[in-house]
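Asker: Input: one structure, supplied below.
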């Protein structure tokens, strides 16, 4: 999947000549630093839920699913940098069998990160919808057993799809499938939001009596979704342009910003934990206890 995730190794010279836009290059050290921070932050989210029994409920399990997706996106870049270092030091044969296999595995992590984020945000949206409009039946609808089954199905599907997309990445149908999941998620969540808005208008008094945390959770989801779109949409657009108009000067000009788009993806993994901490007092308290554990004891 190098022609999508790292296209400059296969960029057509004609495209470069037709565009006056210079390629924007960012230091790999910046990528590596942001990626390490992203892994550590999301690891703290997972540990907070794991150590705090009060947080071991479906809602936080869905948040953990999103945290794992973000962590995989950061881990992808760390492993890629390590692979490049070993290659530059002469420990790996350029484009040899081991490097090709390792590159495919690392690319699978990247695809898995996007797919995991898409489905995690979708299931969080569904959870918020049930919380708001079926509050009395929530605990009978969203049980831990069903939560585990849903997450197992999601990650099994994402893993299989991620491997398949890397294997068949040079086929146009694969690229279309890969990029179509992004707008499909947006349509699904938009439909939930429209339905929520219509129900809210007809049940205004009922909505006003709901716990404040339920509506706050919906707002948090909106912020997470907005950050996700802002960080991932430029890359998804890049994939489409790389596939359907690589020689067009305007497309080539946009593709010169590839590393900037990659930086946005890395930043998404860093921003999400801050949103959890800022919007959710229970997670914030769990973070404080972990960070200042000695004082708490």
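A Cβ is built for glycine as well, from the same backbone N, Cα and C atoms used for every other residue.
Annotation source TrEMBL lists domain 'G-protein coupled receptors family 1 profile' at 41-276. Annotated transmembrane segment per TrEMBL: 30-50, 57-79, 105-126, 147-168, 180-200, 221-244, 256-278, in sequence order.
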Asker: Do at least three C-beta pairs under 8 angstroms join the transmembrane segment (147-168) to the transmembrane segment (57-79), pairs 6 or more apart in sequence?
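Answerer: Stretch pair touches.
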Asker: So what pLDDT does the domain 'G-protein coupled receptors family 1 profile' (41-276) average out to?
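Answerer: When the pLDDT values over the domain 'G-protein coupled receptors family 1 profile' (41-276) are averaged, the result is 83.
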Asker: Who are the chain neighbours of the transmembrane segment (57-79) in space, where the CB to CB distance is under 8 Å and they lie at least 6 residues beyond its ends?
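Answerer: Sequence-distant neighbours of the transmembrane segment (57-79): 31-32, 34-39, 42-43, 45-46, 49, 102, 106-107, 109-110, 112-117, 119-121, 123-124, 127, 131, 142-144, 146-148, 151, 154-155, 217, 224, 262, 265-266, 268-269, 272-273, 276, 283.
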